[in-house]
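The compositional bias 'Polar residues' feature in TrEMBL is assigned to 135-148. The compositional bias 'Low complexity' annotation in TrEMBL covers 149-204. What TrEMBL records for 191-336 is domain 'N-acetyltransferase'. Annotation source TrEMBL lists region 'Disordered' at 132-204.
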Amino acid sequence: MSISNPDLTVNPEPTLTQIFETNLAGADARVGERNATSGQVAQRARVVIERVSRDELPSIAPRLAAIVSSHMSLGMSTYFTHPYTVESALQLFTSLKDVIVDPEQEKKFPPPLGGVVLFVAKLVKTEMGEGVFAESSSASNTVSRSIDSSGSSSTTSSPPSGTIPPSTITTPSSTSTPNSSSNSIQSSSSITTPSSTSSSTSTLLNQITQTNTDNDALLPSLDMNGNPTPHPEIIGSVQLAFASMPNGAFRSEVRKMLVDVRYGGRGVGKALLGKLEDEAREWGSTICMLDTEQHSFGERLYRSCGWTELGVMPYYHWPPDKSEKRNTVFFYKHLDAKVRSNGFAREGGEDGSH
């Protein structure tokens with residue numbers, strides 16, 4: 001005979017999907033009125049959006065590669081299939097060195113053909129505390145990393161000060177096997193919910209919860225090999241890519257929208273997208289395009305920001321484990337209207353004046 005003791009009932013751990021659904025609802029409430037500017041959206045998401053220069057790229061690339069690696073470990077459809085390496089993820093960003101548009105370059109039409117504007121979302125200083133922010137931002141002095149022209153890297157160091165030591169955190173292994181599908185905010189992305197019995201997944205879920213209950217939470221950035229990277233304060237990134245041919249100079253594209261899943265649901269993706277749209281307008285871009293996995297949180301993000309569905313391409317991409325072919329939905333947005341179709345005002349006023 002079995003005896004059930006209600007006091008001993010163990011509640012199942014929340015899945016990543018459940019946490020994101022709860023956090024997204026909170027993020028929607030924080031964003032507030034529909035006439036907010038991109039700057040106001042960023043403020044409510046508790047981040048600052050900054051452009052990255054060619055000189056800054058080598059230091060920032062390892063952090064962005066670490067975000068990609070964490071997505072891969074959760075079975076999210078990103079850009080690779082297993083097996084893959086740190087160098088593969090680094091190459092996504094180091095390859096921009098010849099096309100990245102310098103922040104100091106004058107904005108005028110036509111924009112640089114084939115040029116790319118890289119944005120990052122950083123936790124604000126009040127979020128982390130002045131001391132922690134200062135120490136974390138200088139992590140590149142603690143982490144010795146060299147990146148050659150092929151994008152390979154080597155790392156030898158202790159963890160950056162001001163962060164949680166890697167020994168106290170279990171990061172998901174790049175070979176962990178997810179069990180069921182869910183989704184996340186990311187261009188061409190979805191997320192597969194890992195098993196609740198995985199200790200690495202449990203730690204990651206705890207970190208996600210921590211960042212939404214503790215305003216001072218700054219979590220370490222570790223690559224897929226467990227090595228710390230500089231700039232743990234960077235929690236998201238997106239790229240604005242201009243057309244490569246003169247007859248499309250007025251077109252632009254959203255590429256590589258990335259948000260650290262541990263900070264999901266606070267409006268970081270919306271803040272990055274709003275800043276990208278403002279930047280595209282300033283260069284004279286009148287239409288922008290993107291694609292993302294169908295039924296993903298990415299799709300939800302773009303719809304909520306007034307993007308129009310162009311169509312769905314069935315069986316267009318693989319997840320990391322190549323277990324199935326997934327659908328991709330394509331979106332576009334006209335940027336030359338006085339007010340964005342989601343009601344967000346342009347920076348400087350509804351008519352875009354400054």
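Cβ atoms here come from the backbone N, Cα and C positions, even for glycine.
Just so you know, TrEMBL annotations are computer predictions that nobody has curated.
The average per-residue pLDDT of the prediction over the domain 'N-acetyltransferase' (191-336) is 87, rounded to a whole number. With DSSP classes pooled into helix, strand and coil, the tally for the domain 'N-acetyltransferase' (191-336) is 44 helix, 49 strand, 53 coil.
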